[in-house]
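The structure appears below as structure tokens.
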Amino acid sequence: MSEERLSYTTYGIDSHGRIIHIDSDVSNGNLRSLASLDETLRRLRSNLRAERQASSSNNEMSDIQAATRSTEETNSQTPATNPSDPVLSIDVTDGASSPNHDSSIPNLISEDDKRYCWVCFATDEDDATASWVKPCHCRGTTKWVHQGCIQRWVDEKQKGRAGAHVACPQCNTEYIIVYPNMGPLVVVLDTIDGIICRACPFIAAGIVIGSIYWTAVTYGAVTVMQVVGHKDGLTMMEQADPLVLLVGLPTIPIMLVLGKMLRWEDQALNLLRRHAYKVPILRHFLPSSYSDDDRTQSQDVPPMNDPVSATRILCGALLLPTIASICGKIFFESVNSNFQRTLLGGVAFITIKGAFKIYHKQQQYVRQCQRRIMDYTDSNVALYKRKQSSESNQTS
């Protein structure tokens, strides 16, 4: 029974799972059990390593604190540490953090905790009593800002509009701006003020459109009395349906403006240019007997178009009934009907004005085709100055 007695082995393990000492009853006569003991130690070591790896993520901070406390206790009890101590050698092989590494952690934390205002670039040391706020998702030095600085920046962005939204210029996060509750009366006044601000543009547009409409109605009524006659015009408008007047009178200035925008003179000029050589009288008013060089150059000259002037079109269209009435009284005085006289005067005015305009545009076209760039010589300069002085004397 003594030969078959099982051997025992005990292990000393500290709080961190490290083997400190081993007690066993193995003697020189029992060396055959060393192989099984070695295998047991390997299994135990692998199990302990697996457990430490599985719990390392959860116990990392506790290991650092325990190592720091054990180091402080060792330093207070012994003035020096033996480098050959197996416990310390196991700590090194297990990868425990050293005291130097632990002491660097507070320095890093204190450096990260420093606050910098991204508006005024001040720190806690510059103004210890200032109020700080972190209003957005920014990281690093741009996440902190003084309460007073951000208030001024928000005022600048809102520009007097208290309900306007303000966002961070870096991460575009909308700031959470909270206003104190000032009572139901202030809420009602704010609501009324907002409604008025939103409605004023539409009201102003309605006033402008209404003013234009009634101006057009008044102009249409005056035009009717001017063309038909004062008494006949009043009688006709009194007998007409009000809806017809409200719709028909404003269309009079609109039709006049649209008619003024028709460029019929250009179409007539193009037609006359194509057929001027067939009519002898048109050759005098539309000369086309310039040289071959002028003809070649005229192909490169773009067609001359009058610049469109809104004020000129508006004035010409609105003054047309008055001018037609005057021309009718001058040229067609024998006509008894005021409407016919005004109509004939308007046709005569438009025809005469169009003829002069066609002739003027043709002469401008010929002058443009005959344009030359001269050499800069003394004789040409003197000739040019004499020509300018003569033209100025003629105009004066």
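Cβ coordinates come from backbone N, Cα and C, glycine included.
What TrEMBL records for 53-84 (among others) is compositional bias 'Polar residues'.
According to TrEMBL, the feature compositional bias 'Polar residues' maps to 95-106 (among others).
The annotation domain 'RING-CH-type' is assigned in TrEMBL to 109-178.
Here TrEMBL flags 49-106 as region 'Disordered'.
Long-range contacts of the transmembrane segment (202-222) within the same chain: residues 233, 237, 245-246, 248-254, 318, each at least 6 residues beyond the stretch ends and with a Cβ under 8 Å from a Cβ of the stretch. Residues annotated as transmembrane segment in TrEMBL: 202-222 (among others).
Taken from TrEMBL, the feature transmembrane segment covers 243-262 (among others). Proximity of distant same-chain residues to the transmembrane segment (243-262), defined by a Cβ-Cβ separation under 8 Å and at least 6 residues beyond the stretch ends, is recorded for 213, 216-217, 219-221, 223-224, 237, 313-314, 316-318, 320-321.
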Please give the average pLDDT for the domain 'RING-CH-type' (109-178) in this predicted model.
-> 83
Of the residues in the domain 'RING-CH-type' (109-178), how many are helix, strand and coil by DSSP?
-> 19 helix, 8 strand, 43 coil
